[in-house]
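Lifted from Swiss-Prot, the feature list:
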- 31-60: region 'Disordered' (REGION)
- 129-310: domain 'Helicase ATP-binding' (DOMAIN)
- Leu142, Asp143, Thr144, Gly145, Ser146, Gly147, Lys148, Thr149: ATP binding site (BINDING)
- 448-621: domain 'Helicase C-terminal' (DOMAIN)
- 654-744: domain 'Dicer dsRNA-binding fold' (DOMAIN)
- 894-1028: domain 'PAZ' (DOMAIN)
- 1052-1207: domain 'RNase III 1' (DOMAIN)
- 1258-1424: domain 'RNase III 2' (DOMAIN)
- Lys1406: site 'Important for activity' (SITE)
- 1458-1545: domain 'DRBM' (DOMAIN)
Amino acid sequence: MAVATRLPFIPPEATSQIIGGDEDLIDLSQEDVVSDNDDRGNASDVESEDGVKRWTVNPEPKPKKISAKKLADTAAFNSWIEEHQETLARDQRKAAIEAARVAGVDVLPAIGFDSERIITSPREYQVELFERAKQQNTIAVLDTGSGKTLIAAMLLRWVITGELEDREKGLPRRIAFFLVDKVALVFQQHSFLTKNLDFPMEKLCGEMVEGVESKAFWKEALEQNEVVVCTAEILSTALHHSWIRMDQINLLIFDEAHHTKKDHPYARIIKNFYIDEQLERRPRILGLTASPVDAKVDPRRAAAELEALLHSQIATAADPAALQHTICKPKTELVVEYVRGRPDSETVLNKQLRKLVGGQELFKKPLNFTTSAASKLGTWCADRYWQLFFKQEDIVKLESRTERDLMKVAALDEITEKHVKQVREAHELVNAHTFSPAALDPTMLSSKVIMLVRILRDQFERGVGAQRCIIFVRQRNTAMLLADLLQQPEIKSHIPSIAAEVLVGGGTTGSSYVNAKINFQQQNRIIRKFKLGEINCLFATSVAEEGLDIPDCNIVIRFDLYDTLIQCIQSRGRARRPDSRYIQMIEKGNYEHHSRILRAKGAEDVLRKFCEALPEDRKLTGNHMNLDYLLRKEKGKRQYTVPDTGAKLSYMQSLVCLANFTATLPHPPETSLSPEYYITTVPGGFQCEVVMPDASPIKSAVGKVHLSKGVAKCAAAFELCLALLKAGHLDNHLQSVFTKQLPEMRNARLAVSSKKKTEYAMRLKPELWSVRGVVTQLFATAFVLENPDTLGRSSRPLLLLSRSALPEVASFPLFFGTKRFSKVRCVPIPGSVQADDTLVEQLTRFTLKAFMDVFSKEYEATAVNLPYFLSPMDGGHGFDFRLAKSPAHLIDRKALAYVSENEKVPYTFLEPDDFFQDKFVVDPYDGARKFFTHHRRHDMKPTDPVPDGIVAPNHRAWRGLGTTHDILNYSNSLWSKSRGFMIFQADQPVVEAALISTRRDFLDDTLRDEDVEPQQCFLILEPMRISPIPADVVAMLLCFPSIIHRVESNLVALDACKLLGLDLRPDLALEAFTKDSDNSDEHDAEKENFQTGMGDNYERLEFLGDSFLKMATTIAIYTLIPDKGEFEYHVERMLLICNKNLFNNALEIGLEEYIRSMSFNRRQWYPEGLILKKGKSKDARQRHVLADKSIADVCEALIGAAYLTGQEKGSFDMAIKAVTAMVKDKKHRMISYGDYYAVYQKPTWQTESANSAQRDMAKKFSERMGYKFKHPRLLRAAFQHPTYPSLYERLPSYQRLEFLGDALFDMVAVDYLFRKFPAADPQWLTEHKMAMVSNQFLCCLSFHLGFNKCIATMSPSILKDIAEYVTEIEEALETAKQEAINAGKTADEYSRDYWVHITHASRLPKCLSDVVEAYIGAIFVDSEYDYSVVQNFFNMHVLPFFEDMHLYDTFANKHPVTFVANMMAHKFRCNEWRSFAKELDTDVTEGRGGRGGNGAVAGEISEINPPKVVSALLVHGKTVVHAVAASGRYAKSAMAKKAIKLLEGMSVEEFRERLGCNCKGVPMEVDGGVPEADVDGEVHGTAV
């Protein structure tokens, strides 16, 4: 057995393990039982000098017996891994990069990293641009997808913050305008901003707002909003009418600013209104564009004119290549030529229609288009257009449109009728036309279209992984026809994997056969389908070139060539994936096409040179500049010399040193991490904050103020290097020792096994019985039945008298048959009895007589030997014990005296009939035969045969040959030899009696009537002994073994509580120590070796205690360790709450002895220490076998019991005391709840004066959430993402508050479920808690509370993910409300589980759930650790979603692993399948070289870098699907999702044929979980 020793910690070798919880790892070692003579070992609370406990791991188990089938599957799995190493390495890289992206980490592709090259993060450009925009009007020229909108959002937040400060000073109100060029962009930008900024905001475009042209409207807009997103035309009109003035605007943001030219509304706003305003009253300007050029003009001239017109300066990247770390240019650019189509390709159908309806206005544009399309697209496309045109709208609508067109010109009725008739004839003509199926035939399709199909076929066939393609066309009809063409069977057969859709603008054209407008919601729905892969090919018009947020693609095709440089740049910018291709289609021999490409390339070169020629102060350097020059003045000033080695750290060298250190941090393959530098302007110059990646032990540092940005950057790096050196993360040679200096025990195997078992001593009797000796006074406890009638005969309470008063013991049920039970109340009687010799002697005789007559145990003992005494009570079960003044008045002294004076009741054969009623009769020769008499039978004599149906006695003589089966022989149980010496009176009375059941265990709730029903019989009393103990007392004495067993179990549990200093409620104390099966901890498994009649086991209390333990230790760590990061917090908490710690501490205390693991034993309930003269001896075994994990679980159950005990008084103190006793660590020495806040020291950042924006945020939250913050800065910190520089508001990120809030929310959810569902088992509670605390729900809750608008982040990917998620959940909510209305309910009665079905769940923006938990942590801290505010939050905002918990009954079962298990077991009925998970070797995931891209040895960083685990589904020895992830849990989940996708649509027959399944169809039992033997193969991982 593992014990604590003072050994250095040695990381364990990789062994088979499975994840067993948030903090623990469960060892799948062999289930073996080891006898340990030293039950506690040397498990002392050993701490090293640094306060970290040192434990050895469990000893290596004996080899586990594995079936031949599993060995074969394991060998097949390992062989498959060896054969597919390259595939697995590629999958792992993809998984790592995707995981980083989902987490909001801007992962940089790895490049050659050396000490001379300092990587500049793309965020630095954004920060620098933001800082510049704060100082002056700026035009941001950055590539498509580089986060320009993020900069706009940051600037809006900064401007509004300043605006709030100005209003407090009494200045007039002003608002910001975000101007766009297209209506669709109004909706998109407003949607993005409202989802990421918590300010009132309006969207305006001419077609959606009535009354926009009025002074009243604009007055209201000005008063109620901080931002207006609108088309430029609307603002221009409002300014023209003076409904709003330029001095009422504080910020103008021009999206796609290159449109500012000539008479464009952008230009009119500047020329007509901005210029006329006084300089100091003008708003700030921010222009956003990918290129300042939008026409066929000299780029230098166009850029200069744009700067002049917008009164701004262009700012662009000095090193555009740096931005390509995140903005990937196409890997390949191709130009593909096609042959010009014949100009005279007009089709016969087109000519017929032109002749018939060519004169009508309705058909002019369609005819022009089809004439052109016949040449450019092919004859099939031209004719297909008419088929769609007349199919799309019925004849009645076409006739109506014709009539409307003629009404405009006041045509005569005859003309109108003629035109309508022509339309009808055209419709008939098209319907009668024979349309040929599409084919790749030059007579049907143009060379251009055939070339497009070939390109698509080539790209989709050769591509690996998901393909995303955008094809740019000039006209919407072209887009629609091409998309339709790809759905034709012949064409689809060439590209079966393609799923095409059209993305066009919101306008309409007369030539379009689709006349309905496409709104922003429809566009967004198409884009989301494109992102999810439901669509993988978009035919798009110019709407997709700029503005719309379209996911990255790997194939971009210009079917119709661009006209301007900006179109070229923007369409090419859509190809941002690393493997992307940009393909331009040009006509062979077309000089104009060739020259257009050359002009675009030339203009791009000129533009680049123009940007390069900009003054240095106009370039975004990312804080990377000529540091040699800047640092000459610093020489000899700030540097640090390591005393031991003489190594010197200077300002310049600190950048290199920090970069090299960062390179050693764990990171996804093929990527590099880099420090993030954030420079802000402060009084006296510039100050920089450096923020390290999450894996760094020190997260950030702030440098001193300097006059230049470059030196400020060095200063920050210098400070962080000093901090790393001080903490020991840099060695004396300034080299990283990071892998050796991570938090100790981070990878320790801190779980204990549920299979590894050991034998321990077991306490059978409580400490109370150890007090023996002379009796001076006695305390009484009455055992009373609440429903005595269920016993089946008359009874009365029994008194137990002891030398010390029994503590209050919980009531419990006794079972007397089917549906017959009664609770036993253990009533302590006030006062005591002064014990005189006579009373003591009578009690002793009665007690020993009861043991002898009722239980056939004759003891040699005196009063000094007995731990307790029994006495009948003078009174019934209904006695009001409040009237009892002293135990002496309740003792039936008369009965005691009679029993004491009479060994048996005298019998003369002459007694009257009433003598034979209700006597307790004992067979002195057979201890199993005891009877209750009913009455005398005058109609029977001893020699009469025993009537039929009477149960035969068990003695040998009755079964012998020649024995007469009469009443006399039935009554005589002597052996054959002795029977001859006995002569019985032949005419003595026969008595009808009942043979009493030998059952002693009435705690078993499975008892049936036949198990305990007395058996009718007929006796003579001469061979018997009539006991002096009254029958009603005997009836209660028969229950006494069960009663005393439960009472002693309770007293033993209370002894353990006393040992810990805990005053627990007795029933909860017993429940916490009750283990009724070998696998009590496996809630969803069938119980092994189940012990009946033990009452409630510890499972529910453990579930509750686990959460409280997590909460209590979390609060302690948050309070006591304010200067560490979230990672260190998790490690610290893990060391406190891990099962290994609880197990070791329990052994040290000796709790294993007190655990109740055995049910009632009829041999062990008797008092100890008595000499047995007659009767079967007691079972001497006093040891039990316990799993290590069971002992740890009891510790958590004790905490749960303490929590419930304390809650009766509304106090946490008892539970806090229990936590302290269980964890035994200096980081948790609190003994009352008040101790937490008593040692909490408010950090300076919390108590500093809040600015106006922070106060405004607190005010809004007070109105919205119902809690008013005393410290608004605490609220703001709860929404500050780690990517947001702390320098901006001098606040930390939300990570520490999230760590705290997570535990608080978990506790309040568990507490609610525990109380709401008192009969629910832990498995049910756990599954439903999963729904309540899942990220999936918390993201939904965050949306409902509007938290998504408040997150401050510098990551464009996070903002994008938030916007996409909010769009999706808004649609899901709207759908749920509509479903409620359709069902006859109100919209507010929608089903609250709508969030479960959101498809975005696989890529949830985790920051949304994080800020919910951080907010909970913030209100808890702000309220001075008032837990009620957390409960109020839960009741107000969470409970409405869970009023009907049955909505979430299947939430846990929807886990993909469980789903696959059920599918294999029940649908396919396959028994030969197995799910494996195995950690991959480093050389598999990192490449055979064994080193990462930055030179760090992979093995060195593997100590903290999450292991690379492959999970695979094997069916009949064949690998069907696989997935790679950072842990076994995630790998299994990913693998299961792939398996579901593969198997869901597969029939049983197809499954058996494809996978070679020949199982006989016996379904496996899978119920809400996964069979361990079949799913948990080899899993390797770490404890963290």
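If you go along the chain as it appears here, the first residue is 1 and each next one adds 1.
Cβ from N, Cα, C; glycine included.
Structure with Swiss-Prot features highlighted.
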residue: Leu142; record: ATP binding site; DSSP class: coil
residue: Gly147; record: ATP binding site; DSSP class: coil
residue: Lys1406; record: site 'Important for activity'; DSSP class: helix
Are the domain 'Dicer dsRNA-binding fold' (654-744) and the domain 'PAZ' (894-1028) near each other by the rule of at least 3 C-beta pairs under 8 angstroms (pairs 6 or more apart)? no
At the level of the C-alpha atoms, what whole-angstrom distance separates Thr149 (ATP binding site) and Lys1406 (site 'Important for activity')? 21
So what's the average pLDDT for the domain 'Helicase ATP-binding' (129-310)? 86
Of 129-310, 654-744, 1052-1207, whichever stretch has the most CB pairs under 8 A to the domain 'RNase III 2' (1258-1424): 1052-1207
List the Cα distance (Å, whole number) between Gly147 (ATP binding site) and Lys1406 (site 'Important for activity'). 20
For Leu142 (ATP binding site), list the number of other Cβ atoms lying within 10 Å of its Cβ atom. 24
Might you list, by sequence position, any residue in that chain lying six or more from Lys148 (ATP binding site) with a Cβ less than 8 Å away from its Cβ? Ala140, Leu142, Leu288
How many other Cβ atoms sit within 10 Å of the Cβ of Lys1406 (site 'Important for activity')? 16
Please report the number of other Cβ atoms within 10 Å of the Cβ of Thr149 (ATP binding site). 23
One should report the C-alpha separation between Ser146 (ATP binding site) and Lys1406 (site 'Important for activity'), rounded to whole angstrom, as 22
List the Cα distance (Å, whole number) between Asp143 (ATP binding site) and Lys1406 (site 'Important for activity'). 27
Would you count the other CB atoms within 10 A of the CB of Asp143 (ATP binding site), including those on all shown protein chains? 23
For Gly147 (ATP binding site), the number of other Cβ atoms found within 10 Å of its own Cβ: 27
Go ahead and report the DSSP secondary structure tallies for the domain 'PAZ' (894-1028): helix first, then strand, then coil. 29 helix, 26 strand, 80 coil
Please list the DSSP helix, strand and coil residue counts for the domain 'Dicer dsRNA-binding fold' (654-744). 31 helix, 22 strand, 38 coil
